[in-house]
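Since the structure comes first, as structure tokens, the remarks are kept for the end.
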Amino acid sequence: QICNQHNAEAPNLEQAFHRMAQTEPSLDHDVSWFLLPSHWAKTVVALISFLCFANSYDGDFVFDDSEAIINNKDLRAETPLGDLWHHDFWGSKLSSNTSHKSYRPLTVLTFRINYLFAGGFYPVGFHVINIILHCTISVLMVDVFSILLGGLQFSNKGRRLNLAPKTSLLAALLFAVHPVHTECVAGIVGRADLLCALFFLLSFLGYCKAFRENKEGHNFSIFWVLVSVILGAIAMLCKEQGITILGLNAVFDALVINKLNILELIQKLLHKDKSLENSGLLRKGLLFRITLLMSGGATILYIRWRIMGTGPPAFTEVDNPASFADSLFVRAINYNYYYSLNAWLLLCPWWLCFDWSMGCIPLIKSISDWRIIALAALWFCLIALICQALCSEDSHKRRILTLGLGFLIIPFLPASNLFFRVGFVIAERVIYLPSIGYCILFTYGFSLLSKQAKKKKILAVAVLGILAINVVRCALRSSQWRSEEQLFRSALSVCPLNAKVHYNVGKNLADKGNQSAAINYYREAVRLNPKYVHAMNNLGNILKERNELQEAEELLSLAVQIQPDFAAAWMNLGIVQNSLRRFEEAEQSYWTAIKHRKKYPDCYYNLGRLYADLNRHIDALNAWRNATVLKPEHSLAWNNMIILLDNTGNLAQAEAVGREALELIPNDHSLMFSLANVLGKSQKYKESEALFLKAIKANPNAASYHGNLAVLYHRWGNLDLAKKHYEVSLKLDPMAPGTKENYNLLRRKLEQLQKKGG
């Protein structure tokens, strides 16, 4: 559908399109840079962007990938697709008090498709898609920058012309190789930013198509404006920043299509100048298009609000300390300091970190803090650029600077803490879109320097050097994102005051079995942040395993005192109290954990162990049954039920429970072993033998499996097979309890039989 409003003025707008290239100077004129055909320019950008991040293709799942992908039930085939529209990015219900309200169903859908095609959690496919997305976005940037830097003009055949081929190539290369993008590309969770950027750019290019010349000579195409709004909505369903493209489209329309002078317009509005009516706002349909954009944006936000509910996201002080400061002055000054650090990451992306929270950036609490200089520098630069963007007599300069500032600032607004609290101090991933504005400003600055420079080639070589350094930095940073160990350790030199960095290094070491080193990092995390309950919990766990129960109890007690609803710490405290034989306190701790986390199968399992120690067999069986109801694959709970029923002589019930467990977990060799013992005692030798052999096939080095099978054969009268498995058991574990005695009994019996036979 083509808008036919104000047809009388349509030829003027058509002429404006044709004159655009002639009335504005070209940035390319004074720039010494490569001039390539469009398809070659895009090929070069694609190859170089691929080169930057190719080494991340076989990396592991790291950091937030565990929660967003591995532990996210929304990726599993058994989860209805409809649930994606009611859950947040991490798989929690949006209505939950613990939800971060990050509503990105389309991103989660791509993760689910990755999971289904790969047949499981294999990270290669996830990484490859991220690399392809970044290459695609970088290629699209050639077209986007050609419009932002060179203007919008179409040929007589309706093809868009690239009026800045050299500078658009440079800007696209700057974007493609920027090291701050590594988190988005090498970190799988960065898929949200990549998909958002893809549809963000498609929305912008779609909006530009609305002004393509057509045979009817109408002003613009409503169809493409609406397509742009829809693509903006899709971008927002990938990540929240996507909605900002609608505002940027409006800015682009005003500056490029209508060529408004913002300062002049403001002055006319303030003075109520009657000439405002003839300024072209109504004549060229700007207000109508902006109304469409605003209506679309408002509709999208309303639908999102209805789905998400009105509750704000739940964040803690350690996530974003400045937002919890009582003083408005402290909040404002620290927010501005964060902005200056984001700007510095764009200018000098050398110090990169996966997490900037938890003391990484101490709060500025006084005007005497030297870091105030960074704020002053930021605002000095911004004000200077804004003044040039508004007041310059050069319309071309005004347009490029305003677009550069618009693309730098507007996509960053959702992460600015101005409208709502965000759950981070600095996040490199949120600079992915604002870096477009940085690339515009950098390229424009380069063109100005080239205009003044006598030796333009030296300047071009310097820019090539910057690009080469960035390529190397991207490759190095990508390699750090390949594994958690490298990623976490790389942060120690950047953010040594960040308790979460030390915590993650410690957790990684503990997972690898290096408990001694893990303890040191956990202690440092607690020292840096004395209220870091997760570090206390993990440290308490390790100390418990090392039988340092007194300190473990102190740490876990402190953790639940600081955070009374910390269910995991209550459960671990109960385990320690149980080990100290303070059974009543342990029981109380377990029930407190269950009170704060209703569905807690591991806690029911540990509660069952406590009741078993106290010979409260019925309570133990009930607790373990609750564990298996909540988590049907809870092998330990099933096993303990079978063993307890077996030990108390309830063989029929033990057999029934064992068969029920194996139906749910058919490949669990420990369950096969336990049920085989029960069947052997019930003189069901053949079935018992089959289960023992199956368990041994799954775990051939378990001495007890061979030993108990030997006992079965001994009872059954298959003495040669009994002898064979006794010997295998003793070879695997010479100190196996009872096996040596049974083996000696068997040998004596065999000797007696031989004497009788002789």
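Start at 1 and count along the chain as shown; that gives each residue its number.
Including glycine, each Cβ sits where the backbone N, Cα and C put it.
Cross-referencing 131-151, 341-361 with TrEMBL places the feature transmembrane segment at 131-151. Taken through DSSP, the repeat 'TPR' (703-736) splits into 28 helix, 0 strand, 6 coil. Spatially, the transmembrane segment (188-208) is not adjacent to the transmembrane segment (458-476); fewer than three Cβ-Cβ distances between them are under 8 Å for residues at least 6 apart in sequence. Three or more CB pairs closer than 8 A are found between the transmembrane segment (430-449) and the transmembrane segment (131-151), so contact between the two stretches is assigned (pairs 6 or more residues apart). Sequence-distant contacts of the transmembrane segment (403-424) (same chain, at least 6 residues past either end, Cβ-Cβ under 8 Å): 100, 148, 200, 240-241, 243-245, 247-248, 251-252, 255-256, 312-313, 315, 319-320, 322-323, 331, 335, 338-339, 342, 356-357, 382, 385-386, 389, 430-431, 433-434, 436-438, 440-441, 444. Across the range of the repeat 'TPR' (499-532), the DSSP-based residue counts are 27 helix, 0 strand, 7 coil.
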